[in-house]
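> Here it is, the structure in full.
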Amino acid sequence: MNSLLLRLHDFFKHGIMCDIKIVSIENNKTISAHRLILSMYSKYFYNIFNSDFIDKNNDEIYICADYDILYIILEFMYTGNIVLTKDNIELVIQVCDYLCIDSLIKICEEYICGIIDETNCIHLLNFSDTYNLQRLREMSKWYLPKIINNNKLVVELDIDDMILIIKEIKYIACEYIVKKIILNWIVHKDERIIYTKKLMKHINDQDHYTSLSDIELYNNIRERIYDNKEHDVDISHNFIIMVGGKKIFNITAFNPLSNKKHIIDRYDDMFGCKTHFSVVYLNSILYIIGGKKRGYFTKEVLSYNIKNKLWCYEPELNYFRYDTSVCVSNGMIYSIGGKDTNGYMTNIVEFWKPEWKSWYDGQHLCYPRCYMSLVDYNNEVYTIGGLKTSITDEFNIEMIVSDDAVEKLTDHSWMKLKQFPIAKSGISSIVYNDFIYCIGGRIDTPHISIEHTNDVYIYSSRDDCWKYLSNTNVKRSFCLSCVFNNELYIIGGYNTNSVEKYNKLKNTWKRLNDIPKFEECVNEASAIYL
């Protein structure tokens, strides 16, 4: 604090030149203060002292609050400091809300967001609604999936907390799961059966519920759930999971062999439309990383459990990035390169495991790149091609060009390998029969054009050598490559919705049924569910 603030604080502590007394009604104790200081921080006091309120000229103002809480709040106005604890934080927020001290409310919200866990998140969710604390509300909701996956916690909730949870999770879990949670809660104590209709109406408002008694409705749902007549949509193996959309955030399953597709889930209310994000798949969970949300850059990482259809927030990236390249290696998710908030390419590398509380910085790339192809090969991360900036013309102007660099991450350092035969970005890479297969991609030539390609190269680490294999039927970039029943497929891409299968014996590609074009869904990213 500067000397002036120190002097004012000293006046406050000793009651010097004070012109107003704040009286705690709860304790009948008085705090002397200065109208000017109170008016600077509190809209409540400012309005009283600068309007025609009856209290304007009174020497005392009575506040229904605890004396100790009032004192540390008033002291904050003089010092800018306050000691917050788990025991006093909610009381401080309540009084600050009454006194309209926005600056301190923000500090309190930051503190309380750091003490959320499974034991208090429901209470704090209620608390956030009461005092319109949006960040606290979002943080509290992060823990709901952990609660509903823990039956011991669920069955101990009271009816009000159950209603709150159902209202929230019905947007992030399928109806089957919500019904099962309700049944498990009722079964724990027989007397809870009288709440069946009350709970079910928060899932949907179907009229037929009103004609049934609580017992009839309970038995009806129990029969469907426990006898397994109603269950999740089965997502069989060898489905492609396509994520994203221009207007609606869809999770869509598609099988190119049967040409069948269905929307597993959609989410646009809470998460908003996301673009330029990256997707990776690990242990039945899709991780949706970075990108833009409602047009703004985000560090957000979302997870979507395909089996139980639950959304969850994960620890954020350390940096705002979009169009980053991602892959899984040794149980860790890597996010490499991409673009920053200024649209410049970056060399940032971050990695994370689902059980970790934060992302960690890895060894940065040698130079900034984006649109690289990433692949896990022999438990090492390989980067192939991409875009980079380079001085290419007579005026020494930096241009964006395709790159032919190939590197692997070993012991947290990057090792340069044999260059890719052609400088490209948007290559699709996959490990198949102990080789890296690199398919298609595009060649960016400054001032000329962007050319999509259809050549296929394979790489072996044994001799660090690239070998031309064949050409696909359709030129494509940013396509999806995957293995179905030990056969290699390529699907879609930036400029096509075609599907091809590789014939290893003939070294040829056969075109199959095209991917359906979804009018409502522009596939920003894809992942394979195997």
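Cβ coordinates are placed from backbone N, Cα and C, and glycine is handled just like the others.
So Swiss-Prot says this about it:
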DOMAIN    18-86  domain 'BTB'
REPEAT    239-284  repeat 'Kelch 1'
REPEAT    285-331  repeat 'Kelch 2'
REPEAT    333-379  repeat 'Kelch 3'
REPEAT    381-434  repeat 'Kelch 4'
REPEAT    435-486  repeat 'Kelch 5'
REPEAT    487-529  repeat 'Kelch 6'
> I'd like the per-state residue tally for the repeat 'Kelch 5' (435-486) from DSSP, helix first, then strand, then coil.
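Final tally across the stretch: 0 helix, 38 strand, 14 coil.
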> On the 0 to 100 scale, where does the mean pLDDT of the repeat 'Kelch 6' (487-529) fall?
73
> Pull the DSSP breakdown for the domain 'BTB' (18-86) and write it out as helix, strand, coil residue counts.
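Tallied per class, the domain 'BTB' (18-86) gives 31 helix, 14 strand, 24 coil.
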